[in-house]
Structures are given as structure tokens and as C-alpha cells.
Amino acid sequence: NETTVTEFILLGLSSNPALRLCLFGLFSAMYSATLLGNALVFVLICLDYSLHSPMYFFICHLSIVDICYASNNVPHMLRNLLGQGRIISFAGCGTQIHLYLIFALTECVLLVVMSYDRYVAICHPLRYTLIMNWRACLTLAAVSWAFGFIFGTLQASLVLHLPFCGPCKIDHFFCEILAVLKLACTDTTANKVLIFAVCVCFLLFPLALILISYLHILATILRIRSAARWHKTFSTCGSHLTVVSLFYGNAIFMYMGPRSSNSSGMEKVLSLFYSLIIPSLNPLIYSLRNKQVKEALLK
């Protein structure tokens, strides 16, 4: 008596009409700020020759990831808050999962690449241009996108090949992989083990590499006696560490924490961090408070 599911119903964030309207206004403003801030950073880096350095090259890629990441989930969520777009086709849901994984995994690798860039700049400043040449930068960026695409496609394809025979209600505001797995009418242990393995490869291992980079950076900073260089170093590294803490901390708690602690409400809040809050903060944390970017903006 099993029937194949051809569409899903997204339950969204709230059933209260007044609250949904307030959230729509708030999230619309945040989404606009995300698009405007990241697009502005991208355009400035492309147009201003003084920003054509490896650090800003990777920030440019991060801005692209943030725009795509937010645009994958937020427009459908805004429609849902207005009482529309609750129904999503199976193909549309699969596309959301696929793109969500690609952009999330790509950002994981990009943050490691950016920490390596800061490590070379601070610990090996005389060899920086030799090590971080444009060929190396293009290769690192391509590897980040390739890893995100390959492993995101693998994860999404394994989830979408599971049998779904109802119920078809997803307790989320978009097709998040863990929320969709709950609807499969078969054993999903293998999928959960694979998700955990990918988290180890893309969260714990990269985080360890970032911490190792910053331990070397800290050792180098302690030998610096110039107050100006101290301030400049802490400014650039502090921005990166802030983004790393927000991104990896939430991801580890959501995907590697005990399942009992991750209620559907908590999963929605953590997903909002990735879909709206972190993409809107990245331009401010990384670029728009930077002196070079401010000068480029004035020009």
C-alpha cells in the first residue's frame, strides 16, 4: 500500500500569522543586506586594483558562496512566511539539498584556505608572493569548489535515492538534509554514518588545520615588537577567527552533537544562522570595516 511521494509540505517557522508577518519583514531586510553587502564586496574587489591580492581573491569567492547559499533557501522561506510556497516538488527539494551541501562544504574548505593564506602572510612574509602566486590561488579556489561539488553531490544523491512513502510534511523552512531523512520509510543508518564521516572530513579536520595555522601565527606574533604590526595582524586574523567560530561551532553542534539536543526548533534556529546571519555578517566582519576596502569604496 506504499505510495511514492512526489511533493513535500514545508511547515515553516511558525503558524502564527502575526509572527510570520514580523519575521517576513525582518528576514527580508537581512536578505537584502546579505545580497547588497556581498555584491558590493565582490564588485569592489573586481574593480579596485589595490584589492587584487590573494586574501581578497578568496574573500571574493566567499562572497559568491554566501550570495548563492542565502538565495538557495531564503526566497522560498519568505514565500512560506506569506502563506505561499509551502508545497515543494520532489525535484525542487532535491535541488535545495544539493545546492545547500555544495555551498556549505565549499565554504568549509575556503575557510581553511584563507587561514593558510594568513599563515603564509604572517609567518613567511618574504616568500608570500612566491608561495601564494596566482596559479596557487586559482588551484586552491578550484579545489574548494570541486570538493564541495563532489561530496555535496554524493550526499544528495544517496538521500534522494531513499524511498519516501509518507508522511510528506517537513518540519523545517527548507529541505534540510536531516529533516528530509526523518521522512524516509527505510533504515537511514548508513546515511547518518556517511554524514558523520563527511563532518569529520569537512569540519573537524579543517578546524584542526585552522588551529594549527593560528598556533604558528600566535608564535610569530609574540616575536613582533611593533604595535602597528600587532594591530594589523590581530585585525585581519580576528576577522577570520570570528567567522570560523560562528561557522564551525554551529555546524559541529548541529550535525555532530547528540540527536536528543537537536530539536526541530533548534535545527531551524541553527539553519537560520547559515542562511541569513552568517552571510550578512561576513561582509562586515571581513571587508567593509577594513581600511583598504573603505578607501576603495570612497574612490
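Keep in mind that glycine also has a Cβ here, set from the backbone N, Cα and C atoms.
Automatic, uncurated: that is what TrEMBL annotation is.
TrEMBL assigns the feature transmembrane segment to residues 234-257, out of the candidate ranges 162-185, 234-257. Same-chain residues lying 6 or more positions outside the transmembrane segment (234-257) and placing a CB less than 8 Å from one of its CB atoms are 55, 104, 107-108, 111, 114-115, 118, 122, 178, 195-196, 199, 203-204, 206-207, 210, 214, 217, 221, 267, 270-271, 273-274, 277-278, 281-282, 285-286, 290.
Within its own chain, the transmembrane segment (269-288) has Cβ neighbours under 8 Å at 27, 30-31, 33-34, 37-38, 40-41, 44, 56, 59, 62-63, 66-67, 69-70, 73-74, 77, 104, 172-174, 176, 239-240, 242-243, 246-247, 250-251, 253-254, 294, 297, counting only residues six or more beyond its boundaries.
Within the same chain, residues 54, 57-58, 61, 98-110, 113, 116, 198, 201-202 sit at least 6 positions outside the transmembrane segment (136-154) and bring their C-beta atoms closer than 8 Å to a C-beta of that stretch.
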